[in-house]
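Let me begin by presenting the structure, written as structure tokens, before commenting on it.
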Amino acid sequence: SNKCETFPLATRLNIVCVGLSPDGSLAILIDEEGAALLVSLIGKCVIHRFYFHKPVHSVSFSPDGKKFVITKDNVALMYHAPGKKREFNAFVLDKTYYGPYDETTCIDWTDDSKCFAVGSKDMSTWVFGAERWANLIYYSLGGHKDIIVACFFEENSLDLYTISQDAALCVWQCDTELDGLKPMPPKNAAREENEEKNDEEFLEEPKGEEIHGKANPNEKETRNKVKYSRVAKYFFNKEGDFNNLTSAAYHKKTHLLVTGFASGIFHLHELPDFNLIHSLSISDQRIASVSINCTGDWIAFGCSGLGQLLVWEWQSESYVLKQQGHFNSMVSLAYSPDGQYIATGGEDGKVKVWNTSSSFCFVTFTEHTSGVTAVTFTSNGYVILSASLDGTVRAFDLHRYRNFRTFTSPRPSQFSCLAVDSSGEIVSAGSQDSFEIFIWSMQSGRLLDVLSGHEGPISCLSFNPMKCVLASASWDKTVKLWDMLDSWRTKETLIMNSDVLVVAFRPDGKELAVAALNGQITFWDHEEAVQTGSIEGRHDLQMGRKELDKITAKQAAKGKSFTTLCYSADGQSILAGGLSKFVCIYNIKEQILMKKFEISCNFSLDAMEEYLDRRKMTEFGSMALIDEGAGDEDGVAIPLPGVKRGDMSYRHFKPEIRVTCLRFSPTGRSWAATTTEGLLVYSLDSGLIFDPFELDIDVTPSNIRKTLHRKEYTMAIVMAFKLNEKKLIQEVIEAVPRNEIDVVCSSLPDLYVEKVLEFLASAFEITCHLEFYLIWAHKLLMLHGQKLKTRSVKLLPVIQFLHRSIQRHFEDVSKLCEWNIYNIKYALAISQQRGMKR
């Protein structure tokens with residue numbers, strides 16, 4: 001369906017493992033420290049929180065959905081899964097299984113949920129009974145020389161496949177079928193029940209049963225028990241060293257085994273004969289995770305190093321989905337004029353274009369050879385411009401997806417900022433090293449002028465949306481205004497108290513906002529060169545303290561300031577962000593803070609807390625100085641002389657939370673931020689929000705439906721908008737007969753015309769009644785066009801939102817119509833040829 005959704009919930013640290021219930025309604029998310037969230041995938045909310053006290057390696061629900069197992073340290077814990085009935089405690093411990101000597105790594109269940117297998121770092125695999133079976137309580141399997149990566153049961157059988165990190169596969173055959181498992185005979189059941197009751201009186205939480213497995217049980221213990229024998233052992237890397245096997249998945253119905261390696265290669269094998277179907281490479285990065293869908297047609301791969309997500313259809317050898325974020329942090333972003341697309345530039349030198357409605361990246365430009373510092377759209381929305389530290393400004397065409405212009409300076413310069421005028425003809429870029437501004441013509445690609453006058457690096461450029469005036473900010477404590485149509489160019493110089501970091505024009509071009517190094521945002525009337533207001537925003541940034549900082553967050557904040565500014569679409573408020581986890585939105589007229597958005601609550605990032613944890617401080621300094629990542633499979637494997645594995649220079653570090661760029665959507669319905677977490681979009685549209693408008697006591701859904709029944713359509717629409725429930729508004733508008741739309745539109749109060757237009761714009765995105773809604777939009781604009789023109793500045797976001805929605809449908813329908821016309825012509829041509837032959 002080409003959709004992507006972000007859940008309105010988050011864990012405190014990075015999520016390490018996810019368990020999904022068989023019916024797809026529940027998920028368990030577990031973070032790095034073992035804190036778990038039980039989440040409803042239907043209601044998209046947290047049902048329960050639980051803390052496992054230790055890092056959890058894997059979690060898996062039983063196929064019948066009644067139990068789930070988690071592995072931590074060298075134990076496997078089985079819990080009762082939350083059911084359909086209401087429970088006081090969602091996680092009730094059933095059994096604890098001991099056996100492995102080292103950490104447990106993976107879990108797999110039999111199809112009937114009677115048994116499960118657990119792999120371990122001690123190179124053994126353990127099969128445990130989910131119930132107390134007489135002939136299977138536990139069974140230990142060896143046969144490997146490295147860590148067990150995955151274990152899988154065969155369909156409706158106790159036969160088992162185990163796969164280790166050194167790319168070896170063992171096939172185990174069981175002498176008993178699943179039906180052959182015998183229940184344990186009851187032993188003094190009444191006495192046991194009595195004891196349990198007595199115990200539970202004193203326990204806050206019922207403690208589960210413990211099962212202790214032995215690796216080498218004696219002959220008496222193995223008599224009349226299930227036995228396993230190794231039938232075969234296969235190796236993946238016969239034709240050369242593929243490095244470590246890192247992940248695997250098995251589809252039981254089609255007997256398909258998929259294995260991923262540290263070198264980015266993946267293999268498809270058919271089991272139990274181990275026939276290679278194909279072997280391909282995704283990238284040169286480690287494949288961290290593999291999954292197969294229920295039919296066995298699609299395989300999903302995750303590469304954590306590059307942030308890659310691929311869905312591969314193995315039979316046709318084609319991509320179903322291919323998504324990848326920026327390898328390093330994102331630095332800049334820009335909205336297209338209709339608000340439908342967002343372009344982002346990253347330190348990895350890539351420019352990516354994202355669709356705001358589906359949240360997918362649909363094109364990536366890789367022409368830059370160094371970090372991208374700025375991106376922007378031209379006014380027609382079909383050209384993206386990007387500036388880079390490689391000394392080029394490139395123009396990309398969104399029709400043909402190609403780089404059609406490359407602008408360079410006479411001497412190599414590193415470009416730090418970029419601006420394009422409202423006509424899309426004049427392109428300007430500021431230099432970090434030569435303190436100059438370069439002006440090019442988009443049409444010819446020629447360098448028109450070099451503006452010099454600044455005495456420090458150029459930090460930001462911005463064109464006035466209404467005039468051909470360029471504002472340039474610099475570290476020399478000035479903002480210069482340049483008139484592009486005047487041959488003398490420079491028009492005005494605004495003197496600041498501190499180094500200027502960012503400058504932005506209001507959408508109507510009448511005001512200029514400037515953020516400086518002293519933490520102040522100042523507002524200027526650039527025509528008169530007078531300051532109209534200022535906001536002292538340093539305290540609102542609320543800096544966090546990094547783990548290795550020697551000074552407190554309060555002291556560090558004295559040198560911090562806003563690094564990115566952006567006006568809202570109506571120009572009444574301004575967004576500001578910087579090197580902290582907060583984005584502030586200020587009212588310009590009142591000069592007060594309206595709201596603070598916390599962009600992340602992930603404590604795996606640095607500078608999240610204002611005060612450091614005293615428990616992490618020792619007499620020798622912070623515990624963060626010790627590199628705990630060393631020795632892991634992901635960290636440093638300290639090599640012996642002559643051994644290729646391991647990199648001694650590798651260091652584990654935490655990325656620092658920061659906001660690098662903010663932009664408001666031209667539709668006025670959303671704003672976006674590039675942060676350490678990625679590209680975040682905040683919108684007014686999503687979520688069920690009850691937001692009534694001029695509501696009185698008589699406005700109820702039943703009264704609205706009665707009014708509709710009496711055919712008082714205008715009144716019903718006004719009442720529905722007062723209640724402001726989307727489903728009800730849709731019901732009322734769709735109940736208006738087609739021949740009555742003209743009359744209803746003409747009798748609508750002016751206040752509600754704007755609201756109906758806004759509703760139509762959002763309804764276009766989901767409706768199938770295209771013609772009906774187009775008639776509504778057409779009649780409203782024809783009848784109220786003149787009155788709407790007088791409030792054009794205020795209404796512009798709504799009109800742009802409506803235009804975007806109609807434009808998207810126009811593109812889809814026109815393609816379909818052209819295809820149909822072509823097919824009809826083709827059919828007619830063939831029928832004429834046949835007629836001539838006769």
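Each Cβ is built from the backbone N, Cα and C atoms, and glycine gets one as well.
What TrEMBL says about this protein:
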type     : residues : note
COMPBIAS : 204-223  : compositional bias 'Basic and acidic residues'
DOMAIN   : 724-828  : domain 'Small-subunit processome Utp12'
REGION   : 183-223  : region 'Disordered'
REPEAT   : 323-364  : repeat 'WD'
REPEAT   : 365-406  : repeat 'WD'
REPEAT   : 451-484  : repeat 'WD'
Please list the DSSP helix, strand and coil residue counts for the repeat 'WD' (365-406).
0 helix, 24 strand, 18 coil
How many of the residues that make up the repeat 'WD' (323-364) does DSSP mark as helix, as strand and as coil?
0 helix, 23 strand, 19 coil
Give the residue counts of the repeat 'WD' (451-484) per reduced DSSP state, in the order helix, strand, coil.
0 helix, 19 strand, 15 coil
Per-state residue totals over the domain 'Small-subunit processome Utp12' (724-828) - DSSP helix, strand, coil:
92 helix, 0 strand, 13 coil
